[in-house]
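Swiss-Prot has this to say about the protein:
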BINDING   H58  O2 binding site
BINDING   H87  heme b binding site
DOMAIN    1-141  domain 'Globin'
MOD_RES   S3  phosphoserine
MOD_RES   K16  N6-acetyllysine
MOD_RES   Y24  phosphotyrosine
MOD_RES   S35  phosphoserine
MOD_RES   S49  phosphoserine
MOD_RES   S102  phosphoserine
MOD_RES   S124  phosphoserine
MOD_RES   S131  phosphoserine
MOD_RES   S138  phosphoserine
Amino acid sequence: VLSPADKTNVKAAWEKVGSHAGDYGAEALERMFLSFPTTKTYFPHFDLSHGSAQVKAHGKKVADALTNAVSHVDDMPSALSALSDLHAHKLRVDPVNFKLLSHCLLVTLACHHPADFTPAVHASLDKFLASVSTVLTSKYR
């Protein structure tokens with residue numbers, strides 16, 4: 001459960017991400033594909049090379065979903081319901097992949113905003129991404 005301080009930290013961190021969200025989403029996906037090659041199996045139709053338009057487009061989708069989650073941090077289950085259905089019933093993504101992408105997002109954010117990535121912000125973002133992952137996997141059951 002996100003505390004009021006966590007919510008404040010997440011909103012402040014995401015505000016700093018701003019217009020770079022799509023780029024950071026794509027970078028996190030690239031990082032995930034390189035670090036955890038098994039995740040590529042969900043994207044057999046993608047050009048997974050560095051700078052790929054398909055990876056950039058999907059990175060923007062990831063970033064847009066996270067922006068939506070930040071905007072609706074008090075009601076993420078409703079805000080992410082359609083996305084949860086998509087990943088659980090149509091795409092059938094292994095839930096562990098959300099944790100892997102979350103880790104890669106944290107690394108990406110830390111690389112781009114080292115001064116802002118304090119232990120408290122890191123912990124808040126980690127809790128937030130874990131909450132998003134929980135919501136996205138809630139319909140697997």
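Heads up, the Cβ atoms here are built off N, Cα and C, so glycines get one too.
The structure displayed is predicted, hence computed values, not measured ones.
Fewest other C-beta atoms within 10 Å: among the modified residues S102, S138, that description fits S138. Each of the recorded positions K16, H58, H87 was ranked by the number of other C-beta atoms within 10 Å, and first place falls to H87. The two recorded residues, S3 (phosphoserine) and S35 (phosphoserine), show a Cα separation of 31 Å. Comparing C-alpha positions, S131 (phosphoserine) sits nearest to S138 among the modified residues Y24, S49, S138. Fewest Cβ neighbours within 10 Å among the modified residues S35, S124: that distinction goes to S35. Ranked by Cα separation from the residue listed as 'heme b binding site', the recorded positions Y24, S49, H58, S138 are led by S138.
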